[in-house]
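What Swiss-Prot says about this one:
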BINDING   463-470, 510-514, 564-567  GTP binding site
COMPBIAS  58-102  compositional bias 'Basic and acidic residues'
COMPBIAS  142-158  compositional bias 'Polar residues'
COMPBIAS  166-186  compositional bias 'Basic and acidic residues'
COMPBIAS  197-208  compositional bias 'Low complexity'
COMPBIAS  209-229  compositional bias 'Polar residues'
COMPBIAS  240-257  compositional bias 'Low complexity'
COMPBIAS  343-352  compositional bias 'Basic residues'
COMPBIAS  353-371  compositional bias 'Basic and acidic residues'
DOMAIN    454-622  domain 'tr-type G'
REGION    53-102  region 'Disordered'
REGION    116-315  region 'Disordered'
REGION    334-371  region 'Disordered'
REGION    488-492  region 'G2'
REGION    510-513  region 'G3'
REGION    564-567  region 'G4'
Amino acid sequence: MSEERVIRINKVLRELNISLERAVDYLKDKGIAIDANPNAKISDSEFNILQSQFAGDKGNKEASKEVGEEKRKEKEALRVEREKEIEDKRRQEEERQKQQEIIKARAVVSGPVQVGKIDLNPKKPAAVSPEEPVKAEEPKTVTPTQTEKPVQKETVQSEPVAPVVSEEKKVEKPIITEKKEVKAESSKTAQEPIISTDPTTAEETITTQYQKLSGTTLTGQTIDLSQFNKPKKKKEDPKITPNKPGTPGVGNNNNANKNKRKRIAPKPGTPGAPKPATGNAPGTPNPNKITPNSGGGFNANRNARPGFVKGNRPAIVAKVEPTEEEVKNQIRETLEKLQGKGGKSKAAKYRRDKRETHRQKSDDEQRALDEGSKTIKVTEFVTVGEIAIMMDVPITKVIGTCMSLGIMVTMNQRLDAETLTIVADEFGYDVEFITVDIEEAIEVVEDREEDLVTRAPIVTVMGHVDHGKTSLLDYIRKENVIAGESGGITQHIGAYGVTLDNGQKIAFLDTPGHEAFTAMRARGAQVTDIAIIVIAADDDIMPQTKEAISHAQAAGVPIIFAINKVDKPNANPDKIKERLAGMNLLVEDWGGKIQSHDISAKTGLGVKELLEKVLLEAEILDLKSNPNKAAQGTVVEAYLDKGKGYVSTILVQHGTLKIGDYMLAGKHHGKVKAMHDERGHTVLTAGPSTPVSVLGLDGAATAGDKFNVFEDEKEAKQIASKRSQLMREQSVRTQRHITLDEIGRRIALGQFKELNVILKGDVDGSVEALSDSFSKLSTEEVQINIIHKGVGAITETDVNLASASDAIIIGFNVRPAGNARQLADKEEIDIRYYSIIYAAIDDLKDAMEGMLAPEMKEEVLGTAEIREIFKISKVGSIAGCMVTDGKILRTSKIRVIRDGVVVHTGELVALKRFKDDVKEVTKGYDCGIQIKGFNDIEISDVIEAYHEVAIKKKLK
């Protein structure tokens, strides 16, 4: 069994790391022929041959994978290592910040009000030494009055000092008795280092400045507190010690130096900030005390930055962040103050509230206007061109957006509500559908399960032009439709009902394959259950084939591929399947899920099997509908018949349509007067999945419109009237007027032309296709304006409109009615008639090219060399020349060339041979030439004769 095993060649290629060409060529050299197809299969023996030959490639691939894996691991290891280093740095930084924050917290807590006041008193007498803040604590119990006097002399602080001293006495007692409490309170610990330094240094400083302060020795008992804060001293000691080495008895007391720098601490107190080192919160003594010492204190503080400045910074940063509630309260109070609430009269309050209400109303109106500018009001099924005009964006961008969403559209193709919303949202617009109330007025009755019966499938035949769509339907219907079609191509949707030999029914829609009928193909895909894509086996996957496939996929319709013309000698169905596989469309023969069948529409080969596959697909879909209700469906096509009036081809999808029903389709309404099938036979009723032609509507409904049947004629007329009004409003909104930018562009272009066209056709789909194709022909230099299009014969109104707007009239399968022809002859209006869309497009393109200004091209006719110069009075200089090349014409323009440089460009006055005027002189003959307005000629100058030729410009 292992020998029988087969392997797909694409799997082998991946495993051996070789290309398809190498594998095929090598096996071919070995005498083994296989298809150059990645989905082909090979046996184990063939695989072994390839493996033995290309084992090295496989090894190289594995080696490259290993190298790549090693590099990846190295990069990953480096990345992890870098992340680890960054994380370590971050943690170290966080720990350092936490330590600083702890110190700051102590400094903040260390700001009891009592200690701050104590520091201020001694500092004022001693302007130089930082021991003074300690002295403030010492005079607590000794002499409050003595400290006041020196303070008053230096700065006016006597008043705050007295209460400070009394407070300090209170502080001393708990500090001395309970050292544990001091430890618990970080504020006291921050203060006590300063106090411990002060006792000895204070005595010396006081002795120098004021003898009265000598009594401060009593506060030496606070040395115990300073021992508490030795860790803080350790940080500051190294830098403070060198500053004041000469203080006796203060060897340990680096705090003295510390205090020296500490003088900067008052500086933050000056603006009212708390003093971190001393912890003095009261603001009055601090600012006064700082004034004399500000200069020295700043320098000292800068030198001791690592020590004391850090102590100062916490004091500033230590401000407690206000809570959210406090912030809200503060904002409210500020607003109340600004608005003056509470202090004004009721009348003022009333006026203020009135102004506020008016301002709020104005803001709301402005906001509504701004939002409204981004909201577009549309009816459902607006064309791509109309939505582009409403949003003021180029049509190409809208089409590009639709294509990016997987929707193939053209400029005149109408979009449904969902697509409109998505496209508008891409450009930042909101869509408001103004027909919602109308749609809601049409009641939709939900069907019960027991009322549903199986219905025939609706099948759309799509594909490229001339690939055999209509021929396939001909064979199925046993009727030659192609013979009656212009140019052998379908130019509108044909709807046919077919009953097979086994009694089963299928409704077929035949869509055009020409590129102009994109919208008609899309419409066919929207109303269908199954799509048959016809592809010629002797051709390729053409653009319209791809377009039809995309339409079917967008509509979510099952696809069946019919590969036609397999009876031709150059047919290659496998090539078509290969191309489909390249588009990610695998047919069943190639292991996919999409059905396909090889047929010949001409001989009928495979058509029966194709229909069986259609019925199988329909059985899987389980198509059901309720025939016992008011009919609903879609308008497939509409046209004006000379004898019958407006005829609409419709496809009933739900319910049953009967003669006498009142029908509404788009903005048109009317009673069903007669119904016919595709062969012209009268039909009394039309059930689900039945295509019929209906007489009775008051106009040509737009293809793709939904139709509904109403019991109340009045209700249908009201809805039709409302729809007409909305469509008129929309046509006004989408009417594009010329802008200043466009005028400027046309002036800059210089030769801008416009071609106005009035388009009339026999069916709505053909008019739509022609309009779309004509609009695509517009260029920057020539623009086509379709000022009116419609279904029906050319009328006098059309001729008058063409006369007023200087337009041409194009009739597609229609002729002038009544006196329209005579009026057109009188007004000299050009009317063109066409029955093939190709011819209409080509003629219009030629007309546009004729409107373009021709390009002028110079052609050199000949050259003549001046051999002699004759000067004649009252005439000027005559050049005696010999024609050296070509010929010189009397009417040609000339250039005088001297030493390869053009010195004059002009015209001839006279061309003579001997004494006779001649029209031309050919090569080898001499002649006399007089140049208009130029006598500065010299011997050996060359006269070059040329003329300008107008070349017809082509459309870009």
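Glycine residues also receive a Cβ, built from the backbone N, Cα and C atoms like all the rest.
Since the structure is predicted, the reported quantities are computational estimates derived from the model, not experimental observations.
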Same-chain residues near the compositional bias 'Basic and acidic residues' (58-102), Cβ under 8 Å, at least 6 residues beyond its ends: 15-17, 51, 310
Helix-strand-coil residue split for the region 'Disordered' (53-102), DSSP-based: 49 helix, 0 strand, 1 coil
Sparsest Cβ surroundings (other CB atoms within 10 Å) among the binding-site residues GLY463, ASP466, LYS469: ASP466
Helix-strand-coil residue split for the region 'G4' (564-567), DSSP-based: 0 helix, 1 strand, 3 coil
LYS469 (GTP binding site) - helix vs strand vs coil (DSSP): helix
Neighbouring C-beta atoms (10 Å sphere around the C-beta of THR511 (GTP binding site)): 29
Cβ neighbours of VAL566 (GTP binding site) where a neighbour is any other Cβ within 10 Å: 19
